[in-house]
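Chemist: Quick one: this structure, given as C-alpha cells, is what I'll be asking you about.
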Ligand code: F6R
C-alpha cells in the first residue's frame with residue numbers, strides 16, 4: 001500500500017483528483033465510485049476540472065434498499081448532486097434500491113461489473129473498517145449482495161436522516177471479491193474517527209473482522225489520509 005499523507009480533506013481531494021487524472025490519461029474507462037462525506041472533495045476537484053468523462057463508465061459501490069433514486073438520502077441522488085449532473089459520464093451504474101427481486105438484481109449487477117472491469121475504484125472506510133457496505137464478518141469471496149446494516153452503521157448514518165427509524169436497514173453492496181478485481185484502488189480517510197480503522201486496515205492482520213484489511217492483498221492501493229486519520233499509524 002502506498003500512503004499519501006495530506007494536511008486536510010481539501011488537500012486529500014486534490015490528491016485523489018490527481019490519481020483520477022492520471023488514470024484517465026492512461027486510458028482508464030471504468031471508474032468505481034463511492035458516496036459519503038469522504039470523496040466529496042475529490043468529486044469537487046473533478047467537477048472544477050476540464051477532465052472529460054463523456055466516454056467513461058461509472059459503477060457505484062452501493063445503495064440503500066427501499067430508497068427511490070430521487071430520495072435526497074439515496075446514493076443515486078448523492079451522485080447526481082456531487083458529480084453526474086456537473087460532469088457527465090457516458091453511462092453510470094448504481095444498484096437499484098427498489099429492484100422488485102433483489103436476488104436477481106444482485107446477479108445482474110455482478111454481470112455489469114464483469115462486463116466493465118473497474119480500472120480505478122475510490123473507497124471510503126467506515127469506523128468499523130467496512131468498505132462499501134461490506135460490514136465486519138463479510139466473506140472476502142462475496143460478490144454483490146444484500147446487506148443487513150449493523151447498528152453502528154445505522155447510527156453513523158442517522159445524522160443524514162430526520163430520525164434513526166428512517167435509516168434503511170438494508171443496502172445492496174458490491175462485494176469484496178469484486179472490489180479486489182479493480183486494477184487500482186484509492187482509499188481516502190479523513191478525521192480522528194477514522195484513525196483506528198486506518199491503522200487496522202494498514203497494519204493489522206488481514207481478517208474478515210476488518211473488511212478493509214483485505215486491501216493489503218491488492219498490489220495497487222493508494223491510501224490518502226489526513227493527519228488525524230493517520231495519527232495512530234506506526
Ligand atoms: C459509501 C460507502 C461507505 C463509505 C463509508 C465512509 O458509498 O461505500 O463504505 O465510504 O461508510 O463514509 P463517510 O465517507 O461518510 O465517512
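A Cβ is built for glycine as well, from the same backbone N, Cα and C atoms used for every other residue.
Features from TrEMBL:
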- 62: active site, proton acceptor (ACT_SITE)
- 128: active site, for ring-opening step (ACT_SITE)
- 130: active site, proton acceptor (ACT_SITE)
- 135: active site, for ring-opening step (ACT_SITE)
- 21-221: domain 'Glucosamine/galactosamine-6-phosphate isomerase' (DOMAIN)
Chemist: For residue 62 (active site, proton acceptor), name the DSSP secondary structure in the helix/strand/coil scheme.
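Modeler: In three-state terms, residue 62 (active site, proton acceptor) counts as strand.
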Chemist: Under a threshold of 6 Å between Cβ and any atom of ligand 1, which of the active-site residues 62, 128, 135 are retained?
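Modeler: Near the molecule: 62.
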Chemist: I need the CA-to-CA distance for residue 135 (active site, for ring-opening step) versus residue 128 (active site, for ring-opening step), whole Å please.
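Modeler: If we compare the Cα positions of residue 135 (active site, for ring-opening step) and residue 128 (active site, for ring-opening step), the gap is 8 Å.
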Chemist: Taking the Cα atoms as reference points, how far is residue 128 (active site, for ring-opening step) from residue 62 (active site, proton acceptor) in Å?
Modeler: 17
Chemist: Fill in the CA-CA distance, residue 62 (active site, proton acceptor) to residue 130 (active site, proton acceptor), as an integer in Å.
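Modeler: Distance (Cα to Cα, whole Å): 12 Å.
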Chemist: Cβ-Cβ under 8 Å from residue 130 (active site, proton acceptor), same chain, 6 or more residues apart: which ones?
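Modeler: In sequence order, the residues whose Cβ lies under 8 Å from that of residue 130 (active site, proton acceptor) (at least 6 apart) are 136, 153, 211, 212.
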Chemist: CB neighbours of residue 128 (active site, for ring-opening step) within 10 A?
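Modeler: Taking every protein chain into account, the count is 18.
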Chemist: So how many other Cβ atoms are close to residue 135 (active site, for ring-opening step), meaning within 10 Å of its Cβ?
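Modeler: I get 21 for this one.
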Chemist: Just to be sure I understand the packing, how many Cβ atoms besides its own are within 10 Å of the Cβ of residue 62 (active site, proton acceptor)?
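Modeler: Other Cβ atoms within 10 Å of residue 62 (active site, proton acceptor): 22.
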